[in-house]
Amino acid sequence: MTLDISKYPHLALANTPDELRLLPVESLPEVCDELRTYLLNSVSQSSGHFASGLGAVELTVALHHVYNTPFDHLIWDVGHQAYPHKILTGRRDQMSTIRQKDGIHPFPWRGESEYDVLSVGHSSTSISAGLGMAIAANKEGLGRKVVSVIGDGAITAGMAFEAMNHAGDVHSDMLVILNDNEMSISENVGALNNHLARLLSGSLYTTIREGGKKVLAGAPPIKELVKRAEEHIKGMVVPGTMFEELGFNYIGPVDGHDVTELVKTLKNMRNLKGPQFLHIMTKKGKGYAPAEADPINYHAVPKFDLSQNPLPKAANAKPTFSKIFGDWLCDMAAEDEKLMAITPAMREGSGMVRFSKEYPSQYFDVAIAEQHAVTLASGMAIGGYNPIVAIYSTFLQRGYDQLIHDVAIMELPVMFAIDRGGLVGADGQTHQGAFDLSFMRCIPNIVIMAPSDENECRQMLYTGHKHQGPSAVRYPRGNGLGAEIQKEMTALEIGKGIIRRQGEKIAILNFGTMLEYALEAAEKLNATVADMRFVKPLDEELILELAANHDVLVTVEENAIAGGAGSGVIEFMMKSKCLKPVLNIGLPDRFVEQGTQQELHTALEIDAAGIEKKIRDYIA
């Protein structure tokens, strides 16, 4: 989207932070208005993360106006709110390509811009990384400043508090900004706190505060009394006592949509010593009424018409695997009052909205706390209940030790419903579910299932729920294949696959929803196709049978080849001294970039044509 100067006269003067810093503070409200309008028009035409960026416009402008980026390090947690940052850092005309194949990255990305000092995508990493950069900057001695911006959801994660606890201990110079969009600010409270922020971050207060510390250093009881008095006074008007206890100087909350006041406060705080904490209040979706009213559904959007509401929906779309899971969850809860469902802040994405409303006493959203989610399930299982952890593949990585230490070692009946297994598409490297089969397969005591369609997914969920030990059902993002759903639920025989097509010479061992591709390729090759169903335990009897009756075995999976299901097949064959050629088809040994799922399947040659080509090349 090329900038029309007549519509954006102020924004046209700020294509980079250097240009923005040349503008007078008085013009920044107009810059913000135009930036918000540009963001609205751009994302509505390209798709992408929407509501978060709209709420961070004034903060972004103020930060780049006050701080000398990229010399000063500005870190965005997760990165959903970083679209305005991308627009102001030389990528304005490329915004129409965001999240698209070969386009600009959906999150801050080091390889894309010198202004993106940390590649992100998962939450709650900004304070730890910022503290590391602050320590390095202190040793460097060049006066480099470090700012970490984190949201009210991300700051609930344990990693964020671990970082703040350490920051208070080492006392490095850094600023943490909490972008709190949980509520709107009333005019009076906003004005009062803006005034307090200027007062508490100003040089007079800071000088008195630091001078008092030195004077009272020799009288610890009095020093402690004064410290408590200061915290008490702050606590009467601002909710910052907890952050003060962690060693931060807390300022706020202030109006995050008053760019002039933000600039004043940030200028005051820029040269303060030690860890600083600025709490700002913003409105997610600011400037677009439908997004303000429904920020969850407007978190990420398809292409849409700004003049129309609600967002467009695909006509007659097949149900998603997430919906299949959500419907199964409700059906199962009707039979099992001991079923407990846990999600780490992924209610909508995991298809759990209906369940949360129909079975609220059995539903637990633990916020962004994957480690806690897994061990919470462990405790529930010990207590005699039947917990299910609904989690994205990419986020299960964050609870890996708990999966091993708190579930698998004790062989507890916890089932993991792993959504977004395989390639998720537009969110790129940080979100592809490429590794779960590999990192789970090496864990003893766990049953791992990979359904080939939505009905098999439903039956596997039932199988895992009834299994008296750890289990995982791994399914992809997006719509199902149109398979007929059997209402009746039947437990599958653990570790048994089935033949889906009988051929000769070549046997394709399929794991998961690549089955459709495998069958299409098999028609061209006259190959046998087995739906293996179980990654662990493998159907060893079926593998030996296929090896005995075919010249070549081919494994197909939407997971990293390294350590994946295909690796398991080869390991078993070597152990059994079954010396037959085996071709592994799956994801390559690299982080897979963004694009639609279909684009990536084609590019990586794991669609039907790619599978056929790889097999023909192998047997040539």
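The backbone N, Cα and C atoms fix where each Cβ goes, glycine too.
Computed from a predicted structure; not experimentally measured.
Site annotation (Swiss-Prot, ligand thiamine diphosphate) includes H80, G121, H122, S123, G153, A154, Y288, E370; from N181, N268, N271, N386, the additional listed residue is N181.
If you count neighbouring Cβ atoms within 10 Å for each of the binding-site residues H80, H122, the highest count belongs to H80. Farthest C-alpha pair in the thiamine diphosphate-binding residues H80, G121, H122, S123, G153, A154, N181, Y288, E370: 32 Å apart. N181 (thiamine diphosphate binding site) carries neither a helix nor a strand DSSP state and counts as coil.
Neighbour counts were taken as the number of other C-beta atoms within 10 angstroms of each residue's C-beta; across the binding-site residues D152, E370, the minimum falls on D152.
Spacing of D152 (Mg(2+) binding site) relative to E370 (thiamine diphosphate binding site) is 16 Å (Cα to Cα, whole number). In the three-state DSSP scheme, D152 (Mg(2+) binding site) is classed as coil. In this structure, of the binding-site residues G153, N181, the smallest number of CB atoms within 10 A of the CB marks G153.
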